[in-house]
Amino acid sequence: MDTQDMTAFPHRHLLGIEGLTATDVELILDLADGYVEQNRSPGRKSAILSGLTVVNLFFENSTRTRTSFELAAKRLGGDCINMSSDGSSVKKGESLIDTAMTLNAMHLDVLVVRHQESGAPLLLSSKVNCAVINAGDGAHEHPTQALLDALTIRRHKGTLRGLTVAICGDILHSRVARSNIHLLNIMGARVRVVAPPTLLPGAVDRLGVEVHHSMATGLKDADIVMMLRLQLERMQGQYLPSQREYFRFYGLDYDKLAVARPDALIMHPGPMNRGVEIDSLVADDIHRSVILEQVELGVAVRMACLDLLTRGHRGTGA
């Protein structure tokens with residue numbers, strides 16, 4: 001893929017959606033669009049990252065995100081190393097900063113970080129010489145997920161501006177929700193959050209969203225219905241009476257979906273809890289569900305991010 005005519009990215013790191021402009025977002029999405037087509041062609045690999053090293057440093061479990069970043073690096077011709085906390089000296093008591101500085105001494109080019117503590121990627125970005133990408137930090141942000149969601153929506157709807165997007169479920173613990181709220185507001189969408197009061201953060205309305213406690217009102221005439229899983233690993237059991245009761249009121253099925261627009265897209269960042277936040281028939285609806293397309297486009301978005309953040313190492317025409 002030829003990137004010589006692409007604009008330089010004005011940020012050294014990608015730590016969150018907050019702080020990006022609409023121009024920044026469009027730049028990433030436009031570049032990712034090209035990578036979607038490259039990934040669908042027989043010759044998927046290029047040499048844009050040839051000679052560069054990407055390290056995935058994950059302190060939380062991941063299937064989609066880590067594999068997606070690994071594929072993205074390899075399809076751009078880069079070297080990729082996967083590290084987890086279980087396989088590192090963190091298990092022996094080494095601090096996060098010492099781990100990062102040790103990796104930095106080995107002259108890596110991009111550090112992709114997932115950590116259970118909000119702000120960990122920001123801290124690391126001040127200690128290393130390479131680009132840092134936030135792959136999810138606590139309940140703070142998950143920028144590449146919001147970007148791939150935006151690309152999925154744009155490819156179906158043509159634009160994000162003016163769309164009504166309902167984000168439903170465990171908003172309180174969701175970094176995906178926060179990144180999507182920031183991005184959708186930047187791009188001119190109308191954002192609703194739909195959840196029981198116990199699964200909403202305090203002062204959520206200050207984020208520029210409409211707050212709904214009922215799926216009937218929250219999904220009314222929505223263009224996009226984005227479901228979130230219950231993050232039980234971050235709960236202590238006091239947030240909801242039972243998963244069955246939760247599905248009755250907040251699980252997406254065809255009855256609840258009926259109030260949304262007839263062409264509304266169904267989205268989910270994964271992993272899904274079928275029968276808890278979404279019914280299997282809805283999740284697998286080939287006409288309305290774009291859940292697997294989100295996974296596909298995630299690779300292209302992460303390729304675009306790696307491309308843009310390494311241009312200072314190799315020049316924009318590499």
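The backbone N, Cα and C atoms fix where each Cβ goes, glycine too.
Sequence annotations record features per position, and here Swiss-Prot assigns carbamoyl phosphate binding site to ARG64, THR65, ARG114, HIS142, GLN145, GLY270, PRO271 based on sequence analysis. On its own chain, GLY270 (carbamoyl phosphate binding site) has THR63, ARG64, ARG229, ILE291, GLN294, VAL295 as residues at least 6 apart in sequence with a Cβ closer than 8 Å to its own Cβ.
In the three-state DSSP scheme, ARG229 (L-aspartate binding site) is classed as coil. Among the features that Swiss-Prot reports, L-aspartate binding site is placed at LYS92, ARG175, ARG229, with the record citing sequence analysis.
Sequence-distant neighbours of THR65 (carbamoyl phosphate binding site) (same chain, 6+ residues apart, CB-CB distance under 8 A): ARG114, ALA135, GLY136, HIS142, THR144, GLN145, GLY298. Across the fold, the C-alpha of ARG175 (L-aspartate binding site) and the C-alpha of PRO271 (carbamoyl phosphate binding site) stand 14 Å from each other.
Listed in sequence order, the residues of the same chain lying 6 or more apart from PRO271 (carbamoyl phosphate binding site) and placing their CB within less than 8 Å of its CB are THR63, ARG64, ARG229. Listed in chain order, the extra residues whose Cβ falls within 8 Å of the Cβ center of the carbamoyl phosphate site residues ARG64, THR65, ARG114, HIS142, GLN145, GLY270, PRO271 are SER62, THR63, ALA135, GLY136, VAL176, PRO269. According to DSSP, PRO271 (carbamoyl phosphate binding site) is assigned to coil rather than to any helix or strand.
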